[in-house]
């Protein structure tokens, strides 16, 4: 009987280890402090600065607004709202205690991240579609560029689609203890993985794969039209190809790795919880790669201001115009001050 009990205990221990991969395959998470903590601080500072300046330019310099400006304004607002949550994550990954801001803040911050990610993709897609229409049908594109109403309606439709699509994130994300540390799950606890996996795949399909297909089609049509149109100025072609390169870079570096690795990590966790374990090196490699992809996904809030400046010449033209006007005003003030001294002397002499 003793060998049987020993065997049963060993089997239970193995089953428990397979259900909890951190027991059979411990993962060193200290790299989060070395990577995510300083990275989120940098992204928060750069994103708040860049997007706050962008919003100021849109509101004070970029008047009247075009349709592209409306899309970029919404993109900057989404980036700025998410950037304000990054200091909480930076503090979370930099301490030994864990998440100290409560369950509601955990849900709100995870929801803000997903909303910003999908909103960035949505508004970049709208900018790309608008560009494509302007090249394919120049007259219609010129009319739409001046019509801000359709841009606001499209932006409202994007928000109306994304908010309910991503609200379940607030349900799945929650706080819980893991290895005696209070964590804020970026996806969901193991007990909800079977529900989260189909939802994650649906969000990836609607919020990433479909917009990516639209962007690829739009810029393929734009590239063909530019090559076949010798009448388009060289600088306009160069600016459009630069925007294409930035958008493709953003999708391939910021968005694609995150969505692919998130779903792969969820699939591995779910498989391990069911007893189908993976080799430890594979588990560690996927987990670390997924954490790196989360940082790269947050980096898109810093790259979006680059898209603002490349997407339209009006940003640069207005900034240059404002700088020239400021220089002229300073010169006029200096001339008036210099002329005011002799006039004051003449007035004093005349009074005498």
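Backbone N, Cα and C atoms are what each Cβ position is placed from, and that goes for glycine too.
Keep in mind that TrEMBL annotations are predicted by a computer and have not been checked by a curator.
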Of the residue ranges 10-29, 110-129, the one that TrEMBL records as transmembrane segment: 110-129
Integer mean pLDDT for the domain 'G-protein coupled receptors family 1 profile' (50-308): 88
Spatial neighbours of the transmembrane segment (150-172) far in sequence, C-beta under 8 Å, 6+ residues away: 66-68, 70-71, 74, 107-108, 110-111, 114-115, 118-119, 122-123, 126, 130, 144, 185, 187-188, 192, 195-196, 199, 203, 206-207
Residues of the parent chain within Cβ reach of the transmembrane segment (110-129), under 8 Å, 6 or more residues beyond its termini: 68, 71-72, 74-75, 78-79, 81-82, 85, 151, 154-155, 158-159, 161-163, 165-167, 169-170, 173, 184-186, 203, 207-208, 211-212, 214-215, 218-219, 247, 250-251, 255, 258, 297-298, 300-301, 304, 307, 311
